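J.: I grabbed these lines from TrEMBL:
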- 21-44: transmembrane segment (TRANSMEM)
- 57-182: domain 'General secretion pathway GspH' (DOMAIN)
- 182-191: compositional bias 'Polar residues' (COMPBIAS)
- 182-205: region 'Disordered' (REGION)
- 192-205: compositional bias 'Basic and acidic residues' (COMPBIAS)
Amino acid sequence: MNMKKSLGSWLMRSIQAQRGFTLIELMVTLAVVAIVATIAIPAMGDMITRNRTTAAFNELQGLIGFARSESAKRPAEPVLLCASNDSAKCTGETDWSVGWIIARDANGNGSVDAGETILKVIGPLPSGIKLEVKTGTNASFNSSSLALVRTGAPAGGNQVTFKMCDSFGASEARGVVLSVSGQTRSAARDSSGNREDHNNIDFKC
């Protein structure tokens with residue numbers, strides 16, 4: 001009888017000790033998970049933002065190339081690029097992240113009229129990404145539209161800069177410059193590492 005009691009007491013103590021050890025392990029594990037999550041979640045968010053911006057910028061470069069190639073198909077009809085929040089006409093926004101369109105401007109009036117073909121519709125960019133365009137020698141990115149002539153160059157003989165920003169600001173902004181010859185290049189960096197437009201003015205986001 002005493003042996004049974006002793007054995008029972010030993011088993012209870014073993015179970016209680018095991019339960020206590022498991023609880024401590026659980027608390028330590030949760031603490032480690034919390035620390036890792038604190039470090040990993042912001043890093044994951046940054047990676048997602050960068051990936052979205054990279055995808056949007058790559059698409060932008062492809063669309064500029066598409067517009068340039070379309071401008072050569074019908075030399076008499078400029079190809080119009082403009083901000084559009086309704087996917088049907090130029091709506092005058094200077095923030096192209098609302099969406100934009102590529103269309104044939106048969107009469108060259110800078111708008112999409114009845115009977116003019118819309119070649120591409122680009123929907124709104126992901127939240128937090130902003131696209132703006134500067135044409136000619138104007139001081140700011142405030143252009144709502146531009147036209148390309150048969151060489152793929154901007155109408156009027158002026159350069160154009162497309163600027164894309166996200167939550168990382170000007171330090172990680174991206175840009176494409178469309179030259180008067182119709183060639184494209186990445187927006188250059190100055191000696192301080194800042195991106196510049198075609199007028200050598202630093203990007204601001």
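Using the three backbone atoms N, Cα and C, a Cβ is placed for every residue, glycine included.
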J.: Six or more residues beyond either end and a Cβ under 8 Å away: which residues meet both conditions relative to the compositional bias 'Basic and acidic residues' (192-205)?
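T.: Contacts with the compositional bias 'Basic and acidic residues' (192-205): 130, 134, 137, 139, 141, 159-161, 163, 165-166, 169-171, 173-175, 177, 179.
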J.: According to DSSP, how is the region 'Disordered' (182-205) divided among helix, strand and coil residues?
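T.: Once the DSSP states are binned, the region 'Disordered' (182-205) shows 0 helix, 7 strand, 17 coil.
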J.: Can you give me the average pLDDT across the domain 'General secretion pathway GspH' (57-182), rounded to a whole number?
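T.: Computed over the domain 'General secretion pathway GspH' (57-182), the mean pLDDT is 94 on the 0 to 100 scale.
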